[in-house]
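Take a look at the structure set out below.
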Amino acid sequence: MINIRKTHPLMKIVNNAFIDLPTPSNISSWWNFGSLLGICLILQILTGLFLAMHYTSDTTTAFSSVTHICRDVNYGWIIRYMHANGASMFFICLFMHVGRGLYYGSYTFLETWNIGVILLLTTMATAFMGYVLPWGQMSFWGATVITNLLSAIPYIGTNLVEWIWGGFSVDKATLTRFFAFHFILPFIITALAMVHLLFLHETGSNNPTGISSDTDKIPFHPYYTIKDILGIVLLILTLMLLVLFTPDLLGDPDNYTPANPLNTPPHIKPEWYFLFAYAILRSIPNKLGGVLALVLSILILALVPFLHTSKQRSMMFRPISQCMFWILVADLLTLTWIGGQPVEHPYIIIGQLASIMYFLIILVLMPVASTIENNLLKW
């Protein structure tokens, strides 16, 4: 009798995706982040569901309902902080996952990569709307500033912003619709993640060398299930260290002040994982230019497969490209730092230089480095 996991219509899908999946024998820990993102998503949906049971999306009660969750609901504080810091862990894993894709040339799987870019954008939208829900000062002003950017769109901009707001300012209608979208988007993300996986399993995984591994495959279970479990344990450990010891480390103290439309905080800034894009936005003095740069800073990822000029897929044997990659990482860290600083003398010029470097590395220096390496192969 054939094993039921190979014949049952539902178990067959699980089996082909997580048990008998032929996997390259040499994939490193950089390939752990896909499963970690899945765990983060499940964790966020579960904690979010329990938070939604006690949260009210009305401007008069939103802030106090979050306080109520932390003070009066059994283990409400841990659910709330796991959700808030879970978002940070989610983005750490996302950035690592994208970085892995860039370094090892995984972007040559076009469908998988493009769905990944859509997933990144959807996750960013979800996180932004979630940040508005506690209705603190930074929630309100963050929502005001970011939605206002759409007014830079010629002709329809102002109408578009007021349509999103549901009025002439960020108010009850805005908060209610943001809650609705914040609730539904994670399920859309789940569906997209399944499509992401579907396309990945059409081609099979890439590996650190970037060379076809069809001649050397091993079953996903038990080899990579046990490896993933180690990653999950480390992820949960890091998350719980954050939640139990420094739950507000990555948050903004301004968000403990209820939203007040009459009082603007001195420094409006988003959560840390958006700071790099925020720095690029601020580095351009023109509003429309800034918005375009902001959008392009993420959408540029969709161009990466077309900028690949190297004869080799992975950067494993390409030292010049490796240097470029790590300069790009340093540049993104610089942008993240600048995004959290006030708009004054040294920071403005550093932000502008870092923004130019970001686009220059991806659009010019990396393809040039690849071409140089191609020529060096002929020597």
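From the backbone N, Cα and C atoms, a Cβ is placed for every residue, glycine too.
Quick look at what Swiss-Prot lists:
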- 33-53: transmembrane segment (TRANSMEM)
- 77-98: transmembrane segment (TRANSMEM)
- H83, H182: heme b b562 binding site (BINDING)
- H97, H196: heme b b566 binding site (BINDING)
- 113-133: transmembrane segment (TRANSMEM)
- 178-198: transmembrane segment (TRANSMEM)
- H201: ubiquinone binding site (BINDING)
- 226-246: transmembrane segment (TRANSMEM)
- 288-308: transmembrane segment (TRANSMEM)
- 320-340: transmembrane segment (TRANSMEM)
- 347-367: transmembrane segment (TRANSMEM)
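With a cut-off of 8 Å on Cβ pairs spaced 6 or more residues apart, the transmembrane segment (347-367) and the transmembrane segment (288-308) reach 3 or more such pairs and are scored as touching.
Counting Cβ pairs under 8 Å to the transmembrane segment (226-246), the stretch among 33-53, 77-98, 113-133, 178-198, 320-340 with the most such contacts is 77-98.
Of all the binding-site residues listed here (H97, H196, H201), H196 has the Cα closest to the Cα of H182 (heme b b562 binding site). Same-chain residues lying 6 or more positions outside the transmembrane segment (77-98) and placing a CB less than 8 Å from one of its CB atoms are 30, 33-34, 36-37, 40-41, 43-44, 47-48, 50-51, 66, 69-71, 116, 120, 123, 127, 130, 235, 238-239, 242-244, 247, 250-251, 271-273, 301. In the shown protein chains, 21 other C-beta atoms lie within 10 A of the C-beta of H182 (heme b b562 binding site). The CA atom of H83 (heme b b562 binding site) is located 24 Å away from the CA atom of H196 (heme b b566 binding site). When Cβ-Cβ distances below 8 Å are used as the criterion, the transmembrane segment (33-53) is approached by residues 69, 79-80, 82-83, 86-87, 89-90, 93-94, 96-97, 100, 130, 182-183, 186-187, 189-190, 193, 228, 231-232, 235, 239 of the same chain, each at least six residues removed from its ends.
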